[in-house]
Amino acid sequence: MLLYSWFVQTYNTDQQVPDSAGTATAFLCGVKSKAGTVGVDDNVQYSNCSTVQGAEVTSILDWSLAEGKSVGLVTTTRVTHATPAAAYAHAPRRSWEGDTSLDSTQKGCTDIAYQLIKDNPDIQVILGGGRRFFLSKNETDPEEGTTYTSYQRRDTSLVQVCLNHPICSMSIYEIKPDGEPSLQEMTIKAIEILRRNTNGYFLLVEGGRIDHGHHGTYGRRALEETVMFDKAVSSAIDMTAERDTLIVVTADHSHVFAMGGYPARGNNILGLVENDMADDDMPYTSLVYGNGQVQSTLQLQTDECCAYGFRDPCRRGHSYLCQRSNGSPVDWYTRAELYSSCYGICLVCGTQ
């Protein structure tokens, strides 16, 4: 198997440290843009609808459709979240996922969920979360039995619009640990569906909960999501042929996450450093965040903390400020023969 790798510098045109909206636009559309914007170039002004016209850019999803390929999106986040949205939407603000979140003072824009269903009926596979942005305010969530009054749509049920479309075949899952499909399972199903097209396909797979784990300084959760991400990549490799399928594995940005201090070999990676104390004679964890949600150093001495050893997925590491992304370069790996005809393209994205 031929594997090529290099580093990719991440930044927005207005920020040294990027966000996922601008970086997703960069690797899916080929242009650098402002932070917080999706599917538009640098001419757009953040949160300003009047600047969108003429700033829209096309993505690899559009290019694949133009070549007669099938296309699909798989994510463990909401399907309207920044990374998948950059593949199909054009918005000056990534948070405008539904019509209730769209600034009422802005005229001429449509929300991201609306664009997914109304403007992109040819996307064959959509697997991910975020059902609340597609249900109307009069609908009850079929799994929860409740309504999300602050999120559900004022206009119409986009789920029904999609299901009534002769081309659209849509599955929207709320990703939870109690029986919902894993990233690996969704990747397998997406490839099984998309490869039926003799012209080939493009598939975007996002392990987006790695990022969410790091943002909350949940070290264990981020690492467990990374393991699931690795399984999805492995399945994509096993199901495709190197001679005709390009697989790209990368991250949209990194995080200020590191293993610090001097833990001994065999020290629990998710726990406290057992053989050392910090300069202030306080215990510290093997895994650290350069910034993030605050946890008192005194808490590290409690019996409960040491008993958990930071292995509980809801237990945060020790960090100081609001957690943000990292501006470091990210790894970019490709698997394909140089003469590949690219029958299939599978872009798998996580967060370092």
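Any Cβ shown, glycine's included, is placed from N, Cα and C.
No curator has checked TrEMBL annotations; they are predicted automatically.
Computed from a predicted structure; not experimentally measured.
Here is what TrEMBL records for this protein:
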ACT_SITE  S20  active site, phosphoserine intermediate
BINDING   H81, T83, E206  Mg(2+) binding site
BINDING   D211, H215, D252, H253  Zn(2+) binding site
(message) Measuring Cα to Cα, how far is D211 (Zn(2+) binding site) from T83 (Mg(2+) binding site) in Å?
(response) 11
(request) Compute the C-alpha separation of S20 (active site, phosphoserine intermediate) from T83 (Mg(2+) binding site), stating it in Å without decimals. (result) 6
(request) Just give me the nearest neighbour of E206 (Mg(2+) binding site) among the binding-site residues H215, D252, H253, Cα to Cα. (result) D252
(request) Out of H215, D252, H253, point to the one nearest T83 (Mg(2+) binding site) in space (Cα versus Cα); all of them are binding-site residues in the record. (result) D252
(request) Enumerate the residues of the same chain, H81, T83, E206 excluded, that satisfy the criterion Cβ within 8 A of the mean position of the Cβ atoms of the recorded Mg(2+) site; list them in sequence order. (result) S20, A24, T75, T77, R78, A82, P84, A85, G128, G208, C349
(message) Using the alpha carbons only, what distance in Å do you get between H253 (Zn(2+) binding site) and H81 (Mg(2+) binding site) once rounded?
(response) 15
(request) Give the number of CB atoms, excluding that of the residue listed as 'active site, phosphoserine intermediate' itself, located within 10 Å of its CB. (result) 26
(request) Determine, to the nearest whole angstrom, how far the Cα atom of H215 (Zn(2+) binding site) is from the Cα atom of H81 (Mg(2+) binding site). (result) 15
(message) I'm trying to understand the geometry here, so how far is the Cα atom of D252 (Zn(2+) binding site) from the Cα atom of H81 (Mg(2+) binding site), in Å to the nearest whole number?
(response) 13
